[in-house]
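Working notes, structure below.
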Amino acid sequence: MVVFYRLWLGVQRCRQSVRHLPTQSSETAPFSTTTTALCAPSASVCTSPPPFYTPLGHPLHNITRPHLFIRLTRLHACYVVVEVLETENPTEVTYHYHLLTGGSVVTGTEGRTEPNLASLDFRTFKDDLDNPWAYGSVWQPTYTSSTLKRPAAWELATTESKRPRLAGSQTTFNHRLAHLVAMCDANLPFVNLQNELTSMNIPHQGLQLEGDNITLSVRLLRVPPCVEVSEETRRALERGLLECTFRLQGRNNRCWLVELVFAHCPLQSSSPREQGTVRHVYLSYETPPAEPVGCHRVIEMFLADWASIAQLHESVLAFSRILHDSPMAFQQFAEVRSYSYKKIVFCYGHNKGSSIGVQWLSGSGRFHLSLGTVGPNSGSSNCHSIIGHQLQEAFNRSPCIAQLLQILHDTQNPLNAINKLPTVPMLGLTPRPNTPFQCFTILPQSPTHVRLAFRSTYCVDIHCKARGTVAIRDGAYSLFDSSKIVEGFTPAPGLKTFLNMFVDGGEEARRRSVNEDDNPPSPIGADPLDPLLLPQALPPPTGQQGFNKTPPSSGTHYPLASPPTTYPTGVIPSPSMIPTPSPASVDPNSPYPTNMPMPSPGHRLATWPGSPQLAGGPRHTAMTSSLSPAQAAIHSPLSDPTHSPRAGASLSSRKLPQRSWAGAIPSLLSHNALHQLLCPSPTPAVLPSLAGSYLCSPLERFLGSVFMRRHLQRVIQQEEALHLLSSTEPGVITFKTEALKCRVALNAQTFQTLQLKATPEAEPWSPDELQVLEKFFETRVAGPPFKANTLNAFAKLLGAPTHILHDCVQIMRLELFPDQSLRWGVQFCLTIPPSAPPIAPPGMPAVVLKSKMLFFLQLTQRIGLPAPPPGSGGVGSEAVSVIVPVVYDMATGSTQQAEIPRQPPGAGNISFLVSNALRRFAELNPPHPGECTIFAAVKDLMTNLVLPLPARA
């Protein structure tokens, strides 16, 4: 019994010696076949056996009792086993130390992780005082006794003391056990790492000491080369890598930090951290808690990161060679902000405010591009985010950094202009006002090709070219065959003529003939937007006249008009001079046959030797080198100096006959012209006082006008009072009402507004009334923001009886040309405003014409009018706006306010005051037969309505 207590006290001494270390002590074996708990002296029954069992014949079965299992909490399945044995001296005990480690991890039946019992490793420490940190024949670490700082620490725990103990000295602390546990906790992760490196045939220097022998590390002698890159890249990385070191970081010993030291960096960045001769790259890896520290997964993650470095370095090496040839051209647009071997970041743009990062993701095996903004542009979005996915796909197909920067250079200005288009869904644009509808939808097709869909009806293709130009065409036509229409889109009539107003051209382009724009586009010599079909040469059509005497110069060629059938003497005809017929979708009035096959204008034929296309020299400017005089003939009409593209109203000196295929021919625009086309600007040829508050771009005004003209055709067919007439003019709608004959067409000078030309049929109309009606249609009905229901309401007005339409025109006059002597201003509401009384849903047409006529007016009190008469209670210092629903009874001729449901009664209510004012006017001015009282009642209301102070509050 005395022996048992002595051994039990030895176990308790060991337990107390490791309490301050990250360990957990247990007298029960975690892996056993029978109960191995050391019971207390007073205990009669031992604890139940644990749920894990060791294989039969395992050395763990030979351990005598009592013993102690010390689990190292920072390591996975690692135990220090202390075996307590008695000696001949009845006052002392001896200790044997073992190391028990579990191998791989399996998943238990209840979802918990359990060590793989088949790979349990049991080792015994040597009983060597000079080198206590040593195992038996299984494992020989690199430590020697010189690495241990305090050799007397474990000598205190030997079976025989070498010096007399002082009174009051610590005799219960096992210094050797504490030292062994601490050394296991620090060294075992590196031992596991070395074993993994050795098993993978990666040479290393073994465990090394750093920083006054207090830091451990493992240095690799050579990193395995990446087989996915070229031999040149592998040699460059091997020559530039100076050092590769593994270290443990953090207190939990689960985070590995790998330091890579490189020299001979191929790029010089602007980052202050990357200005030295060597570059330090740090990689960190977190070991999962259920796996051993230094496991195989850490090496695999490092090799994957090394492959990522090699993949990126290969593209960087190729870019460095290009940069060495033309450094100034690169510095004007971009700079290398950072190159950390894991990721390269460029800042580009006029003020270097946009950034793009390139890195290889080993998980997906692809390059990843990250776009952002820095410096003065911080907080805003990168314009290339629109085509970010397309840029990444193109870079993965061809990982060339120089080509990527060239695309960024060619597309930055166009995308900045495209970003200014409204893309937020809005209410009230369609006949269903409660359904949000997107005005413009940006549809990227490739890094240099973007489609703009306008209200899911019209489409514009924008192809970004080099040298500051873009090619714009009607995206409703197929890129493969201009005779076919893309499903879901409708061609925009007049788009080619509208785009020509923004084309920058030379004098030669202004001397072209009128028929050049209207001849069928020739597929020969054209710049292929999608060169997928073979070129064809067909015989010329009969009756074709005129040709361009100037041969095309070298450079980019866009589809040209068909050339003549004869050629100048001594000139070898090139393929671009071969005449071809028009496509099958030409206008029915065209003199060209429609039964002849026609290739797409996207074809291209190689330049013939000796062709005039080879003419030209390097001294041509950027514009002339990319656009020959013959090519510029389709892009640059003669402009009126009074209407420049900067104002959005460039005027062609001649009218171009519209053809159905004309929009398929690309128009070459400069970046400045594209900004003028897509950026919001005031409406040209419209007085600022008449223009609305909605500011939009010239392209939106053109497409919106075309959209409204198309919707007007449907409205005319639905209204019984309107009759559609046939018209021989393309793009013109002609219809008549009871009293007027109307012609609706785009403004021939700007193509940005829809104009109405009204002609009296029977009853006399003054020119002033017709002008008011036309201006109201142009600025309030068919103008921005191009609401479909405004046309529905205006069509109701046009179908009203003549005497009612006369009064409505007078109200329109007061809106367009306000009378300053009146107390109130008026606005004719064509759609129901959101603040209107709850008679109908907002956004619906605000004009209803049956036996009675319902319409809405918005009255706004003027600011700065004289004070109202004393005793009236009115205050005229602040503007007040009120929506008045007006009902005109055609049978009685009376004008009253419509009944407002759920209207609270009260003398101070605004609607109550308006109703009393209209009722009082009807009583004082009874209508005569055939007389309309709308304008008179409204004008009296605008003159005499005074709101009291409570109503204004």
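Glycine residues also receive a Cβ, built from the backbone N, Cα and C atoms like all the rest.
Annotated domain 'Mediator of RNA polymerase II transcription subunit 14 RM5' per TrEMBL: 202-289, in sequence order. Per TrEMBL, domain 'Mediator of RNA polymerase II transcription subunit 14 RM6' is recorded for 330-397. The region 'Disordered' annotation in TrEMBL covers 509-655. As annotated by TrEMBL, compositional bias 'Low complexity' applies to 526-536. Look at TrEMBL and you will find 543-556 tagged as compositional bias 'Polar residues'. The compositional bias 'Pro residues' annotation in TrEMBL covers 590-600. Residues or ranges marked as domain 'Mediator of RNA polymerase II transcription subunit 14 RM8' in TrEMBL: 712-782. For 798-948, the entry in TrEMBL reads domain 'Mediator of RNA polymerase II transcription subunit 14 C-terminal'.
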Helix-strand-coil residue split for the domain 'Mediator of RNA polymerase II transcription subunit 14 RM8' (712-782), DSSP-based: 22 helix, 21 strand, 28 coil
Composition by DSSP (helix, strand, coil) of residues within the domain 'Mediator of RNA polymerase II transcription subunit 14 RM6' (330-397): 22 helix, 28 strand, 18 coil
Reported mean pLDDT - the domain 'Mediator of RNA polymerase II transcription subunit 14 RM5' (202-289): 89
Structural state census, the domain 'Mediator of RNA polymerase II transcription subunit 14 RM5' (202-289) (DSSP three-state): 13 helix, 40 strand, 35 coil
